[in-house]
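As structure tokens, the structure follows; a few thoughts come after it.
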Amino acid sequence: MSECIQLSFAVCRIGIYTCFRALCCKGPPPPRPEYDLVCIGLTGSGKTSLLSQLCSESPENIVSTTGFSIKAVPFQNAILNVKELGGADNIRKYWSRYYQGSQGVIFVLDSASSEDDLETARNELHSALQHPQLCTLPFLILANHQDKPAARSVQEDISFLLQLLLQCLCERHSSWTLIPKMEGKKWAVRRPTHADTCGIKKYFELEPLARGKRWILKPCSLDDMEAVKDSFSLLINLLEERDFEPSRM
């Protein structure tokens, strides 16, 4: 009889200890997923400053990247291993050598740049969007330096980027046609469908197309890092979605 009582007490102690461990001594949290990204943009666009702020580094120690650097940018639900490439003229021609293995792209545009630099940035972004190692990846395109007096308006930058993205779509699909303003929309695209044989044309606005191609366009500045973090969270969501695509299972 006493043995049964002792056994009962032992079972109770084990049960209480198990409950205590479950409630008060939780194990380490599961590891956060890690994603490898490449960050590109012209010199002076603010790539290094943005990434350093996200890593909580002192702004006094920020030095512009001349070759490339790698930062592990921590977020609550993921860690982004960002390979930042220098944006100088003599470095940009080597960008493509560092694209392999990337799971996403960050492109930083200087909203306060000159028209010449804007055209250069446009050409570099166009090349990245069309590059075979990047063209299917999620893109986070940040129009930076919105806080500077010379900055273009948010609408100007977004319209500029949307037009470029649409151009890339049309180049990728030779049967698509770029058409300017129609029915009050800034840009639209037409592609032939079976119904076109009956003279019916199907139009698509650009913004839904851009979302469908996994492009995120956001204005940003160092004065509003919460908005920058929100933009990166959207990118992480796209990266997570790619992990669960049927073709990747």
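Glycine too: its Cβ is placed from the backbone N, Cα and C atoms.
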Problem set entry | Of Gly67, Gly87, residue recorded by TrEMBL at the GTP site of Gly41, Leu42, Thr43, Gly44, Ser45, Gly46, Lys47, Thr48, Asn144, His145, Gln146, Asp147 | Gly87
Exercise. Can you name the residues of this chain that are 6 or more positions from Gly41 (GTP binding site) yet have a C-beta less than 8 Å from its C-beta?
Worked result: Lys47, Gly87, Phe107, Val108, Leu109, Asp110, Ala121, Glu124
Exercise. Quick one: largest C-alpha distance among Gly41, Leu42, Thr43, Gly44, Ser45, Gly46, Lys47, Thr48, Gly87, Asn144, His145, Gln146, Asp147, binding GTP per the record, in angstrom?
Worked result: 21
Seminar exercise, completed: Using a 10 Å radius on the Cβ of Thr43 (GTP binding site), the other Cβ atoms enclosed count 17
Seminar exercise, completed: Other C-beta atoms within 10 angstroms of the C-beta of Thr65 (Mg(2+) binding site) total 18
Exercise. Here the binding-site residues are Lys47, His145; which one has the lowest number of other Cβ atoms no more than 10 Å from its Cβ?
Worked result: His145
For this session: Would you please pick out, from the binding-site residues Ser45, Asp147, the one with the fewest other Cβ atoms within 10 Å of its Cβ?
Result: Asp147
